[in-house]
Amino acid sequence: MTPVFKKEFLGYFRSPVGYVILAAFHFAVIALALYFGYYRNSQATLFTLFVRLPWVLAIFIPAVGMRLWSEEKRSGSIELLFTLPISPRSAVVAKFLAALCFICVGLCLTFSLAITTSYLGDPDWGVIFSGYIGAALTSAAFLAITAACSALTKNQVIALVLSILICVLSTLIGSDWLAQFLANKVPTGMLDVLRLFSFEQHFEAMSRGLIDISAISFYVTLTLAFLGINMVVIER
Amino acid sequence: MVTVDRLVKDYGTLRAVDGVSFTINKGDILGFLGPNGAGKSTTMKMITGFLTPTSGKATVDGFDVTENPIEVKQRIGYLPESSAAYPEMTVVEFLTYVAEARGITDKEEVTSRLADVIVKCHLDSVKYRTIENLSKGYRQRVGVAQAIIHDPQVLILDEPTDGLDPNQKHEVRKLIQAMAKDKAIVLSTHILEEVEAICNRVIIIDQGKVLVDETPEAFKARKPGATIDEVFRDITNKNILA
């Protein structure tokens, strides 16, 4: 498993694509944090960074994970991979962890804003820590979705579009914006059910410092479920 | 060493491989011949464990490919038809990855195996170049190098000399012959002289079925005075007409 992990992780840095994705992610996250009033609010928190993070991740993570299986299928190297003495399960987990580590590099870069905050004020590090845990868990779930989509097709663009669609929709279904839009059109009970499946709602709790068991089990279940789908598709 | 027993592979309603059986032992070089789409690559992919047979079984060193895929894969070196590799990796990075994934964990051993295959496959001048910048001939040699890096007991080579110039073809054939003493080798090819030059057994497969399984000498003796190409044409055309 380790050689596949190593190859995949280092693969992100073998071409300019990895650096471009990291730079674009960093720029988008910081720009949104500033736009939503990082300085204006005069609060020593990273709330403005976390508030729109699931939306950025819903685009950034499919861009990172789209190649995981599509590229192997397109180039034919999947034949080499599965004639090595590696089980499909190890290959799925190794690729997933490698991409997750790359995403964590992206998340670590945004730590620059946390350092700025500690320079300007006295932030609650517990809340920041919980926010980053939430971001990592959201990333893991989005990545599992992307990996499963990537296993379905040899076309990276299809994998990208499909996974962005699923990630954005699953973020949207519990957003306040959709709740206001549907307020008088559907029963409140239905909106509550939708919120149970929403990334934004679960992440929001964690970005406020609440490490919620229901949120963690939501992320972990979803991640495992999509990794399972990935495995079934690959073994087919 | 390798036993293939009534192997069948269906793709939907199409039967790509239809009851192929053969056994090869250490020291054998089996030439797998047939027109395009005859089922050569599919049969090879089933032996390597990449494809699951619809029915029948293949065993390598006593291990069933379907039941013990990892044990089988440890004993096989495989050169895919597309000589698949990762274009953005350098030759050394790629071969190191394959060696490690093949279970060679000791760094010194990886280095010595790497040095060995680089010499055997004449890759020294390009070892730090990325694979995407190599010519087809060099890529093919990288493919052969990754197939032999772990010194496997069984080698499955899908068109190993494809894309090579005459000198390189000669080199690869010499390499295959030199390795044959302690290995069982299956290679597919379109080049019939290759079979004559290096194989001690020839199997002709067409439309998924084995038509001929004999020595190259017996194969050539089917039509005295004719070239091996003519004998091949006769057999495969007969099959089309039949």
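Backbone N, Cα and C atoms are what each Cβ position is placed from, and that goes for glycine too.
Summarising the annotation, TrEMBL assigns transmembrane segment to A:16-38, A:44-65, A:96-119, A:125-145, A:157-179, A:216-234.
Counting only same-chain residues 6+ beyond the ends of the transmembrane segment (A:216-234), those with a CB under 8 A from a CB of the stretch are 69, 88-89, 91-93, 96, 137-138, 140-141, 143-145, 147-148, 151-152, 197, 202. For the transmembrane segment (A:125-145), the residues of the chain that approach it from at least six positions outside its boundaries are 45-46, 49-50, 53-54, 57-58, 61-62, 64-65, 96, 99-100, 103-104, 107, 114, 117, 163, 166-167, 170, 199, 202-203, 205-211, 215-216, 219-220, 222-227, 230, judged by C-beta separation under 8 angstroms. Nonlocal intrachain contacts for the transmembrane segment (A:96-119), taken as residues 6+ away from its ends with a CB within less than 8 angstroms of a stretch CB, comprise 4-9, 11-12, 18, 21-22, 25-26, 29-30, 33, 38, 44-46, 49, 60-61, 64-65, 68, 128, 132, 135-136, 139-140, 143-144, 147, 227, 230.
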